[in-house]
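A.B. asks: Structure provided below as structure tokens; questions to follow.
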Amino acid sequence: MADMSVKQLADLVRTTPERLLEQLKEAGVAITHVDQTISDEEKRKLLLHLKTSHSTETDKKRSKIVLKRKKLSVVKSGKKSVNVEIRSKRTYTKPVVEQKRETEPAPTQEVPLTSDTTNLNEKAEVNVATLEKAVEAEVKEEAKKTPSEKKETPKKGPRKETRRSRKPDKEDKWEREELHMTKLVEERRRRHKPAHMPDSDNASAKLEQGFARPTAPVVREVALPESITVADLAQKMSVKAAEVIKAMMKLGAMVTINQRIDQETAAIVVEEMGHKPKLIKEDVLEENLVATLGEQTGEAVPRAPVVTIMGHVDHGKTSLLDYIRRTKVTSTEAGGITQHIGAYHVETELGMITFLDTPGHEAFTAMRARGAKCTDIVVLVVAADDGIMPQTVEAIQHARAAKVPVVVAVNKIDKPEADPERIKTELSTHDVLPEEWGGDTMFQPISAKTGEGIDALLERILLQAEVLELKAVDNGPARGMVVESRLDRGRGPVATVLVTSGELHLGDILLVGREYGRVRAMIGDDGRPCESAGPSMPVEVLGLSGTPVAGEEAIVVPDERKAREIARFRQGKYREVRLAKKQTAHLERIFDRMGEGKQNTLNIVLKADVQGSLEALTEALNKLSTDEVKVNIIASGVGGITESDVNLAIASDAVVIGFNVRADAPTRVLVEREGVDLRYYSIIYDLIDEVKKALSGLLAPEFEEKIVGLAEVRDVFRSSKIGAIAGCMVVEGVVRRHLPIRVLRDNVVIYEGLLESLRRYKEDVAEVRQGTECGIGVKNYNDVKVGDQIEVYEKTQVHRTIA
């Protein structure tokens, strides 16, 4: 601060110059005139003097505090009134503190302001409690009659003691009530403290609890179940639900706050918002089940190999198995092709083998993949006269994916056009090399018709099984896999189960995916009932709650209640995931709906005999959809056609298709009465061809233009009635009346219209051939000039089909 005069300093501190000069003199500063300049050092000296003098005076004054209280109150009892005066006096002395030297800086220490107040309140309460003992009993009775007055005047003055006031029970009761009211009053005073007087006790706490803005974005690890609502997801990320909805709109999905989304979508949203997703599988019940069952304890014994026969359609897979079983399995299949997975247990002279016969048609891809999943060895059947086909290559891929060895059976070698060497060469292009060429694949030429080479093929299969050392525990709870399932009328759900380990008995509680039930009956592959089934044995199981999905694992559970809980848990989880994936408000679907007005749809109600065929048909029919026509399977199921299926078809204008199933008598009556299109099929080729024809009929018509004639304008005649008439020479083809035309000028189309009039020698004619003159009148067009060309064409409709 710059030096200033004494007068200026006096004006600054708001005092008189004379008073300031006196204080400077007391402080020992040599300044005698108001115009003299005072330095910073002299100011500090003056300030130190003032502090010392003021602190000494206040210490003397404030070292002792005397509090005096005087309260007047009137207590009424009937007609009498008593004046009560309460006087209290308290003296508080400040403790002596040693003064430190002036050279040392005095530490600043906060003294809580509420400590003295608290002591005062406590002492005042004690004083009031002692004074209450002198109040008369008449006052107590009046206070009982008027409790509201008691609340207003809770503290009573001292009175002369009477007999009634000496009673201990009433005295204690009055003392407790008044003491309680005193505390309430004190608490109310504290609670309603003015806003400009902050509580010193909480001052430091409020400073410490202030909100600190984060310096960096907070990255959280968000646990995501298999399905979650948008609101729960927002809560886990500590953001508003509107932010999550906005992020999903940027990703192309429109959702609501209560809509469920699947785990994959939630993980994408969490990553988009800068957090880390943690995927959680809600399979605690299943893990507990596996833990209770544990590993099967028992000695593993050799088991029969499970062999899957794969190959292209009509290459002789079922005929080969037919020869081995000595039965005509092929004759029972419609059209001579396999449309189910057949599981057969065969006892040969060399040992036992379980065969799985898979379909070869392209629609049964899922069945072949399922067959390769639960097999030990794959026998690839290739026709020697046909060679490698698409399903042959697909079977090789399934075998490699399942990591199972392949044995190639070259069939139909009894035909004169058979060429086994060509088969080896073609398979070598797919990395299937025979042993004689340095590979690891066994090749065996066979004939399913004559039986040639089949014994050698069985030897190779069992040799491969010995190399694999196939073993399984043959006792304890059974485990297996569902090969096929269907809904049988009269028997209910039927599942073909291939036992992989343990032993399955009648009465066991079987858990299969989302279905469960007690095994009511077991039927072997020969059609005979059996009571137990060991490893590598296929059996048909009756008694499940529904038709399980083919490919599900079957496991025996000791407790039916636990099986029911797990099945219901899986059903609920499946439903939640399915609903979460069904995004009805997805942006892409909105755009699809905008174009659906131009797309024709064929609605189908599909019923099949087994689950595998239903899957294959659904996939094959959905592949037929194009940009113009669409197959919409509104309902599908396993079992016969019922009235509910027909009613659904009536409501949705659909075609009912039954594959190897029929409708009962009441349903047929309903079909005839309502005129529903009901079709039966037993061969998948016929079904797909018929649906293709139906879709072809829904295609928009396509027209092809064909130029039939060309005329050149030589002259133009104008008439007030007719308009412009072009005198033309037909230079090419034939000109016919009422056909569409184009007017060309310098080879540029300037008008398209209709040929309205055609004359020759003032007579109307139907057509004019090449080299003939004629007059042509064009409808609603009069700007014809010499040198123009009139092109006459016709439109023909082209029959369109689905490729």
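For all residues, glycine too, the Cβ spot is worked out from N, Cα and C.
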A.B. asks: If you check Swiss-Prot, which stretch out of 33-63, 95-125 is marked region 'Disordered'?
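C.D. replies: My reading of Swiss-Prot: the region 'Disordered' range is 95-125.
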A.B. asks: Which one is it: of the binding-site residues Asp314, Lys317, Ile413, which Cβ has the fewest other Cβ atoms within 10 Å in this structure?
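C.D. replies: Fewest other Cβ atoms within 10 Å, among the binding-site residues Asp314, Lys317, Ile413, is found for Asp314.
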A.B. asks: By a Cβ-Cβ criterion of under 8 Å, what residues six or more beyond either terminus of the region 'G4' (411-414) are in contact with it?
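C.D. replies: Sequence-remote neighbours of the region 'G4' (411-414) are 315-316, 319-320, 381-386, 420, 445-450, 452-453.
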A.B. asks: On the 0 to 100 pLDDT scale, where does the domain 'tr-type G' (302-471) sit on average?
C.D. replies: 76
